[in-house]
Amino acid sequence: MATAKTWKIAREIGDAVIKASRNPNRRWYGPHMAAAVRAISERIPLVDFVLEIRDARIPLSSEYELLRKFSPLPSKRIIVLNKMELADPLELKKCIDYFEERNYLSYAVNSHNKDCVKQLLNFLQSQVRELHKAGHSGHTTTMMLLGIPNVGKSALSNSLHHIGRISAAEKGKLKHTTVSSQPGDTKDIMSLKIGSHPNVYVLDTPGIFPPNLYDAEICAKLALTGAIPDDIVGELKLARLFLTILNSSHEYKKWAKLCKSQDLTESLSDESSKSDAKHKRQYATDHTQDFIVYDVRRVLYETISAFDGNLEDEISMGNLIETQFAALRSVLRVPEEASEFADLRVASKILNLYRTGRLGHYTLEHVSALAKSYTYL
(Lines of atoms letter the chains of each structure in order from A; the text may use other names.)
(Lines give C-alpha, C1' and ligand atoms only; values in the text may rest on other atoms or scores of the structure.)
Protein backbone atom coordinates (compact mmCIF):
# COMPACT_ATOMS: atom_id res chain seq x y z
CA MET A 1 0.00 0.00 0.00
CA ALA A 2 2.96 2.26 -0.66
CA THR A 3 1.85 4.62 -3.41
CA ALA A 4 -0.75 7.36 -3.38
CA LYS A 5 -2.65 5.57 -6.13
CA THR A 6 -2.78 2.36 -4.11
CA TRP A 7 -4.15 4.26 -1.14
CA LYS A 8 -6.97 5.81 -3.23
CA ILE A 9 -8.09 2.39 -4.41
CA ALA A 10 -7.66 0.97 -0.92
CA ARG A 11 -9.68 3.80 0.57
CA GLU A 12 -12.62 3.08 -1.73
CA ILE A 13 -12.52 -0.61 -0.88
CA GLY A 14 -11.98 0.03 2.82
CA ASP A 15 -14.90 2.46 3.00
CA ALA A 16 -17.16 -0.16 1.41
CA VAL A 17 -16.13 -2.71 4.04
CA ILE A 18 -16.68 -0.23 6.88
CA LYS A 19 -20.12 0.57 5.52
CA ALA A 20 -20.96 -3.13 5.36
CA SER A 21 -19.74 -3.67 8.93
CA ARG A 22 -22.24 -1.08 10.14
CA ASN A 23 -25.11 -2.65 8.26
CA PRO A 24 -27.57 -4.30 10.72
CA ASN A 25 -27.76 -7.23 8.31
CA ARG A 26 -23.97 -7.64 8.13
CA ARG A 27 -22.94 -11.23 7.55
CA TRP A 28 -19.61 -11.62 9.29
CA TYR A 29 -20.77 -10.72 12.78
CA GLY A 30 -23.91 -12.77 13.07
CA PRO A 31 -25.24 -14.62 16.13
CA HIS A 32 -22.72 -17.45 15.65
CA MET A 33 -19.80 -15.03 15.97
CA ALA A 34 -21.22 -13.36 19.08
CA ALA A 35 -21.71 -16.80 20.66
CA ALA A 36 -18.17 -17.79 19.65
CA VAL A 37 -16.75 -14.69 21.36
CA ARG A 38 -18.41 -15.70 24.63
CA ALA A 39 -17.25 -19.31 24.37
CA ILE A 40 -13.68 -18.33 23.52
CA SER A 41 -13.51 -15.72 26.28
CA GLU A 42 -14.59 -18.34 28.82
CA ARG A 43 -11.97 -20.85 27.68
CA ILE A 44 -8.92 -18.60 27.29
CA PRO A 45 -8.14 -18.64 31.04
CA LEU A 46 -8.35 -22.44 31.04
CA VAL A 47 -5.88 -23.28 28.25
CA ASP A 48 -2.10 -23.52 28.53
CA PHE A 49 -1.20 -21.81 25.25
CA VAL A 50 -2.87 -19.32 22.95
CA LEU A 51 -1.71 -19.62 19.35
CA GLU A 52 -2.69 -16.39 17.64
CA ILE A 53 -2.79 -17.20 13.92
CA ARG A 54 -2.09 -14.25 11.66
CA ASP A 55 -1.71 -13.83 7.92
CA ALA A 56 2.01 -13.40 7.19
CA ARG A 57 1.16 -10.89 4.44
CA ILE A 58 -0.62 -8.59 6.91
CA PRO A 59 0.89 -9.27 10.36
CA LEU A 60 -0.60 -6.05 11.73
CA SER A 61 -4.05 -6.00 10.12
CA SER A 62 -4.71 -9.66 10.97
CA GLU A 63 -4.30 -9.04 14.70
CA TYR A 64 -6.86 -10.81 16.90
CA GLU A 65 -8.29 -7.87 18.82
CA LEU A 66 -10.22 -9.96 21.34
CA LEU A 67 -6.92 -10.74 23.08
CA ARG A 68 -6.58 -7.09 24.07
CA LYS A 69 -9.29 -7.70 26.67
CA PHE A 70 -6.95 -10.08 28.50
CA SER A 71 -4.13 -8.05 30.02
CA PRO A 72 -2.02 -9.75 31.05
CA LEU A 73 -2.92 -12.83 29.04
CA PRO A 74 -3.39 -15.79 31.44
CA SER A 75 -1.98 -18.27 28.91
CA LYS A 76 1.36 -18.37 27.12
CA ARG A 77 0.97 -16.61 23.77
CA ILE A 78 2.61 -17.62 20.49
CA ILE A 79 2.11 -15.55 17.34
CA VAL A 80 1.96 -17.89 14.33
CA LEU A 81 2.39 -16.22 10.95
CA ASN A 82 0.56 -18.56 8.57
CA LYS A 83 0.61 -18.44 4.76
CA MET A 84 4.32 -17.65 4.81
CA GLU A 85 4.58 -19.02 1.28
CA LEU A 86 2.54 -16.04 0.04
CA ALA A 87 4.57 -13.33 1.81
CA ASP A 88 7.78 -11.58 0.81
CA PRO A 89 10.52 -13.72 2.45
CA LEU A 90 12.70 -10.74 3.35
CA GLU A 91 9.84 -8.83 4.96
CA LEU A 92 8.75 -11.98 6.80
CA LYS A 93 12.22 -12.41 8.28
CA LYS A 94 12.21 -8.76 9.41
CA CYS A 95 8.87 -9.35 11.10
CA ILE A 96 10.09 -12.49 12.91
CA ASP A 97 13.27 -10.67 13.95
CA TYR A 98 11.17 -7.79 15.27
CA PHE A 99 9.16 -10.11 17.51
CA GLU A 100 12.26 -11.99 18.69
CA GLU A 101 14.10 -8.78 19.60
CA ARG A 102 11.19 -7.93 21.90
CA ASN A 103 11.00 -11.45 23.37
CA TYR A 104 7.68 -12.28 21.71
CA LEU A 105 7.31 -15.93 20.75
CA SER A 106 6.55 -16.16 17.04
CA TYR A 107 6.76 -18.72 14.26
CA ALA A 108 6.16 -18.65 10.50
CA VAL A 109 4.46 -21.61 8.84
CA ASN A 110 2.94 -22.90 5.63
CA SER A 111 0.06 -25.06 6.83
CA HIS A 112 0.01 -27.02 3.55
CA ASN A 113 3.68 -28.05 3.72
CA LYS A 114 4.28 -31.24 5.70
CA ASP A 115 7.91 -30.49 6.59
CA CYS A 116 7.03 -26.97 7.67
CA VAL A 117 4.21 -28.23 9.90
CA LYS A 118 6.53 -30.86 11.40
CA GLN A 119 8.96 -28.11 12.37
CA LEU A 120 6.15 -26.12 13.98
CA LEU A 121 5.01 -29.24 15.84
CA ASN A 122 8.54 -29.77 17.17
CA PHE A 123 8.63 -26.13 18.28
CA LEU A 124 5.30 -26.49 20.08
CA GLN A 125 6.43 -29.70 21.76
CA SER A 126 9.54 -27.92 23.03
CA GLN A 127 7.29 -25.24 24.52
CA VAL A 128 5.23 -27.95 26.23
CA ARG A 129 8.39 -29.45 27.73
CA GLU A 130 9.41 -26.03 29.03
CA LEU A 131 5.97 -25.66 30.58
CA HIS A 132 6.32 -28.97 32.42
CA LYS A 133 9.80 -28.05 33.63
CA ALA A 134 8.29 -24.90 35.08
CA GLY A 135 5.95 -26.99 37.21
CA HIS A 136 2.89 -27.70 35.05
CA SER A 137 1.32 -30.70 36.77
CA GLY A 138 -1.41 -31.65 34.32
CA HIS A 139 -1.25 -34.70 32.10
CA THR A 140 -2.86 -32.82 29.23
CA THR A 141 -1.73 -29.61 27.55
CA THR A 142 -4.22 -27.50 25.60
CA MET A 143 -3.55 -24.96 22.88
CA MET A 144 -6.26 -22.68 21.56
CA LEU A 145 -5.91 -21.46 17.97
CA LEU A 146 -7.34 -17.97 17.60
CA GLY A 147 -7.55 -15.60 14.67
CA ILE A 148 -9.66 -13.58 12.29
CA PRO A 149 -11.53 -15.40 9.49
CA ASN A 150 -9.59 -17.13 6.72
CA VAL A 151 -6.08 -16.98 8.17
CA GLY A 152 -5.85 -20.77 7.96
CA LYS A 153 -6.65 -21.91 11.51
CA SER A 154 -8.59 -24.99 10.41
CA ALA A 155 -6.03 -26.00 7.79
CA LEU A 156 -3.27 -25.70 10.38
CA SER A 157 -5.30 -27.61 12.99
CA ASN A 158 -5.86 -30.47 10.55
CA SER A 159 -2.19 -30.59 9.55
CA LEU A 160 -0.98 -30.58 13.16
CA HIS A 161 -3.51 -33.30 14.03
CA HIS A 162 -2.58 -35.57 11.12
CA ILE A 163 1.18 -35.20 11.49
CA GLY A 164 1.05 -35.34 15.28
CA ARG A 165 -0.94 -38.57 15.29
CA ILE A 166 1.38 -40.15 12.73
CA SER A 167 4.49 -39.08 14.68
CA ALA A 168 3.05 -40.63 17.84
CA ALA A 169 2.17 -43.82 15.94
CA GLU A 170 -1.37 -43.59 17.24
CA LYS A 171 -4.22 -45.56 15.76
CA GLY A 172 -7.79 -44.50 15.41
CA LYS A 173 -9.93 -42.36 13.19
CA LEU A 174 -8.54 -38.97 12.27
CA LYS A 175 -10.74 -35.94 12.76
CA HIS A 176 -11.19 -33.13 10.27
CA THR A 177 -12.24 -29.54 10.72
CA THR A 178 -13.94 -27.72 7.88
CA VAL A 179 -11.46 -26.00 5.57
CA SER A 180 -12.62 -23.48 2.98
CA SER A 181 -11.25 -20.56 0.99
CA GLN A 182 -14.32 -18.62 2.10
CA PRO A 183 -14.16 -16.81 5.45
CA GLY A 184 -16.48 -17.79 8.28
CA ASP A 185 -17.02 -21.49 7.57
CA THR A 186 -15.90 -22.67 11.03
CA LYS A 187 -18.82 -22.21 13.44
CA ASP A 188 -17.87 -24.30 16.51
CA ILE A 189 -14.86 -25.00 18.73
CA MET A 190 -13.32 -28.39 17.94
CA SER A 191 -10.64 -30.33 19.84
CA LEU A 192 -7.91 -32.21 17.93
CA LYS A 193 -5.11 -34.28 19.43
CA ILE A 194 -1.63 -33.42 18.16
CA GLY A 195 0.66 -35.20 20.62
CA SER A 196 1.05 -37.93 23.25
CA HIS A 197 3.15 -38.34 26.41
CA PRO A 198 2.04 -35.79 27.42
CA ASN A 199 -1.23 -35.48 25.59
CA VAL A 200 -1.48 -32.24 23.64
CA TYR A 201 -4.70 -30.93 22.10
CA VAL A 202 -5.40 -27.93 19.89
CA LEU A 203 -8.76 -26.20 19.95
CA ASP A 204 -9.78 -24.90 16.53
CA THR A 205 -12.06 -21.88 16.85
CA PRO A 206 -14.26 -19.76 14.57
CA GLY A 207 -12.67 -16.68 13.03
CA ILE A 208 -13.67 -13.53 14.88
CA PHE A 209 -13.86 -9.89 13.78
CA PRO A 210 -14.78 -6.96 16.01
CA PRO A 211 -18.47 -6.00 15.67
CA ASN A 212 -17.43 -2.88 13.75
CA LEU A 213 -14.40 -2.03 11.64
CA TYR A 214 -13.05 1.52 11.44
CA ASP A 215 -9.72 1.72 9.60
CA ALA A 216 -10.17 1.86 5.82
CA GLU A 217 -6.63 0.80 4.96
CA ILE A 218 -6.78 -2.23 7.25
CA CYS A 219 -10.17 -3.16 5.80
CA ALA A 220 -8.76 -3.00 2.28
CA LYS A 221 -5.93 -5.38 3.20
CA LEU A 222 -8.37 -7.77 4.86
CA ALA A 223 -10.53 -7.73 1.74
CA LEU A 224 -7.63 -8.25 -0.66
CA THR A 225 -6.27 -11.24 1.26
CA GLY A 226 -9.70 -12.88 1.45
CA ALA A 227 -10.55 -12.39 5.12
CA ILE A 228 -13.77 -10.62 4.10
CA PRO A 229 -16.26 -12.05 1.55
CA ASP A 230 -15.41 -10.79 -1.94
CA ASP A 231 -18.95 -9.82 -2.85
CA ILE A 232 -18.97 -7.07 -0.23
CA VAL A 233 -16.51 -5.12 -2.38
CA GLY A 234 -16.49 -6.94 -5.70
CA GLU A 235 -13.73 -8.94 -7.35
CA LEU A 236 -13.18 -6.29 -10.02
CA LYS A 237 -12.11 -3.65 -7.50
CA LEU A 238 -9.98 -6.13 -5.59
CA ALA A 239 -8.18 -7.24 -8.75
CA ARG A 240 -7.51 -3.60 -9.65
CA LEU A 241 -6.02 -3.08 -6.20
CA PHE A 242 -3.76 -6.09 -6.65
CA LEU A 243 -2.62 -4.90 -10.09
CA THR A 244 -1.85 -1.49 -8.61
CA ILE A 245 0.36 -3.15 -6.00
CA LEU A 246 2.03 -5.38 -8.60
CA ASN A 247 2.63 -2.47 -10.98
CA SER A 248 4.19 -0.43 -8.16
CA SER A 249 6.49 -3.25 -7.01
CA HIS A 250 9.57 -4.98 -8.41
CA GLU A 251 8.00 -8.44 -8.26
CA TYR A 252 7.20 -8.50 -11.98
CA LYS A 253 10.90 -8.13 -12.86
CA LYS A 254 11.41 -11.75 -11.81
CA TRP A 255 9.47 -12.74 -14.92
CA ALA A 256 11.87 -11.05 -17.36
CA LYS A 257 13.26 -14.41 -18.51
CA LEU A 258 9.84 -15.21 -19.98
CA CYS A 259 10.37 -12.40 -22.49
CA LYS A 260 14.12 -12.42 -23.17
CA SER A 261 13.59 -13.53 -26.72
CA GLN A 262 10.47 -13.20 -28.79
CA ASP A 263 11.73 -16.04 -30.97
CA LEU A 264 12.18 -18.23 -27.92
CA THR A 265 8.71 -17.34 -26.67
CA GLU A 266 7.17 -18.19 -30.02
CA SER A 267 9.23 -21.39 -30.25
CA LEU A 268 8.10 -22.54 -26.84
CA SER A 269 4.53 -21.66 -27.71
CA ASP A 270 4.67 -23.64 -30.95
CA GLU A 271 6.32 -26.61 -29.25
CA SER A 272 3.78 -26.55 -26.46
CA SER A 273 0.85 -26.34 -28.83
CA LYS A 274 2.12 -29.27 -30.89
CA SER A 275 3.14 -31.59 -28.08
CA ASP A 276 0.30 -30.80 -25.74
CA ALA A 277 -2.57 -29.67 -27.95
CA LYS A 278 -4.98 -32.20 -26.52
CA HIS A 279 -4.05 -31.19 -22.98
CA LYS A 280 -4.63 -27.52 -23.76
CA ARG A 281 -7.96 -28.14 -25.43
CA GLN A 282 -9.13 -30.06 -22.41
CA TYR A 283 -8.01 -27.51 -19.83
CA ALA A 284 -7.98 -24.26 -21.79
CA THR A 285 -10.35 -22.60 -19.33
CA ASP A 286 -8.38 -23.69 -16.24
CA HIS A 287 -6.33 -20.61 -15.39
CA THR A 288 -4.25 -22.52 -12.83
CA GLN A 289 -2.49 -24.60 -15.51
CA ASP A 290 1.22 -23.75 -15.63
CA PHE A 291 1.25 -22.75 -19.28
CA ILE A 292 -1.54 -20.23 -18.68
CA VAL A 293 0.12 -18.84 -15.54
CA TYR A 294 3.35 -18.33 -17.52
CA ASP A 295 1.40 -16.46 -20.17
CA VAL A 296 -0.22 -14.27 -17.53
CA ARG A 297 3.17 -13.43 -16.03
CA ARG A 298 4.59 -12.67 -19.47
CA VAL A 299 1.73 -10.34 -20.36
CA LEU A 300 1.98 -8.51 -17.05
CA TYR A 301 5.73 -8.12 -17.43
CA GLU A 302 5.41 -6.85 -20.99
CA THR A 303 2.66 -4.34 -20.23
CA ILE A 304 4.48 -2.88 -17.22
CA SER A 305 7.85 -2.75 -18.99
CA ALA A 306 6.38 -1.06 -22.05
CA PHE A 307 4.47 1.53 -20.04
CA ASP A 308 6.08 4.98 -20.14
CA GLY A 309 3.59 6.83 -17.94
CA ASN A 310 3.89 7.93 -14.32
CA LEU A 311 2.79 5.14 -12.01
CA GLU A 312 2.25 7.66 -9.23
CA ASP A 313 -0.43 9.32 -11.34
CA GLU A 314 -3.95 8.00 -10.83
CA ILE A 315 -5.04 8.36 -14.45
CA SER A 316 -1.86 6.79 -15.82
CA MET A 317 -2.12 3.83 -13.47
CA GLY A 318 -5.75 3.36 -14.47
CA ASN A 319 -4.77 3.35 -18.15
CA LEU A 320 -2.12 0.69 -17.53
CA ILE A 321 -4.61 -1.50 -15.67
CA GLU A 322 -7.12 -1.19 -18.51
CA THR A 323 -4.40 -2.27 -20.94
CA GLN A 324 -3.59 -5.24 -18.74
CA PHE A 325 -7.22 -6.34 -18.48
CA ALA A 326 -7.57 -6.22 -22.27
CA ALA A 327 -4.40 -8.27 -22.78
CA LEU A 328 -5.31 -10.78 -20.09
CA ARG A 329 -8.65 -11.65 -21.68
CA SER A 330 -6.82 -13.52 -24.40
CA VAL A 331 -4.27 -15.43 -22.28
CA LEU A 332 -6.93 -16.35 -19.71
CA ARG A 333 -9.16 -17.71 -22.49
CA VAL A 334 -12.05 -15.41 -21.58
CA PRO A 335 -14.73 -15.63 -24.31
CA GLU A 336 -15.54 -12.54 -26.35
CA GLU A 337 -18.46 -10.84 -24.66
CA ALA A 338 -19.45 -7.52 -23.20
CA SER A 339 -16.37 -5.82 -21.75
CA GLU A 340 -17.82 -5.59 -18.23
CA PHE A 341 -18.50 -9.33 -17.97
CA ALA A 342 -15.14 -10.18 -19.53
CA ASP A 343 -13.35 -8.00 -17.00
CA LEU A 344 -15.21 -9.69 -14.15
CA ARG A 345 -13.98 -13.07 -15.33
CA VAL A 346 -10.43 -11.78 -15.66
CA ALA A 347 -10.63 -10.22 -12.19
CA SER A 348 -11.79 -13.46 -10.59
CA LYS A 349 -8.94 -15.45 -12.15
CA ILE A 350 -6.26 -12.86 -11.35
CA LEU A 351 -7.43 -12.59 -7.77
CA ASN A 352 -7.25 -16.37 -7.39
CA LEU A 353 -3.73 -16.51 -8.83
CA TYR A 354 -2.61 -13.77 -6.46
CA ARG A 355 -4.09 -15.47 -3.40
CA THR A 356 -2.49 -18.80 -4.26
CA GLY A 357 0.96 -17.28 -4.76
CA ARG A 358 1.15 -17.83 -8.52
CA LEU A 359 1.80 -14.13 -9.20
CA GLY A 360 4.51 -13.43 -6.67
CA HIS A 361 5.01 -12.85 -2.97
CA TYR A 362 3.70 -9.71 -1.31
CA THR A 363 3.78 -8.32 2.21
CA LEU A 364 1.31 -5.47 2.48
CA GLU A 365 2.67 -3.94 5.68
CA HIS A 366 6.11 -3.68 7.16
CA VAL A 367 8.05 -3.74 10.41
CA SER A 368 7.84 0.05 10.77
CA ALA A 369 4.06 -0.30 11.08
CA LEU A 370 4.48 -3.06 13.66
CA ALA A 371 6.77 -0.87 15.75
CA LYS A 372 4.07 1.79 16.00
CA SER A 373 1.24 -0.58 16.86
CA TYR A 374 2.42 -3.38 19.13
CA THR A 375 3.61 -1.71 22.28
CA TYR A 376 0.73 -3.43 24.14
CA LEU A 377 2.03 -6.96 23.53
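Numbering starts at 1 and runs along the chain as it is shown here.
A Cβ is built for glycine as well, from the same backbone N, Cα and C atoms used for every other residue.
Here Swiss-Prot flags Asn82, Lys83, Met84, Glu85, Asn110, Ser111, Asn150, Val151, Gly152, Lys153, Ser154, Ala155, Gly207 as GTP binding site. Residues or ranges marked as domain 'CP-type G' in Swiss-Prot (evidence: sequence analysis): 34-211. Marked as motif 'DARXP motif' by Swiss-Prot: 55-59. Sequence annotations record features per position, and here Swiss-Prot assigns transit peptide to 1-21.
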Quiz prompt | Same-chain residues near the motif 'DARXP motif' (55-59), Cβ under 8 Å, at least 6 residues beyond its ends | solution = 79, 81-84, 86-87, 92, 95, 108, 151-152, 221-222, 225, 227, 362-365, 370
Quiz prompt | Secondary structure tally of the motif 'DARXP motif' (55-59) (DSSP, helix then strand then coil) | solution = 0 helix, 1 strand, 4 coil
Practice problem: Would you identify the secondary structure of Asn82 (GTP binding site) according to DSSP, in three states? | Solution: strand
Quiz item: Under DSSP, is Ser154 (GTP binding site) helix, strand or coil?
Solution: helix
Practice problem: Find the average pLDDT over the domain 'CP-type G' (34-211) in the predicted model and report it. | Solution: 87
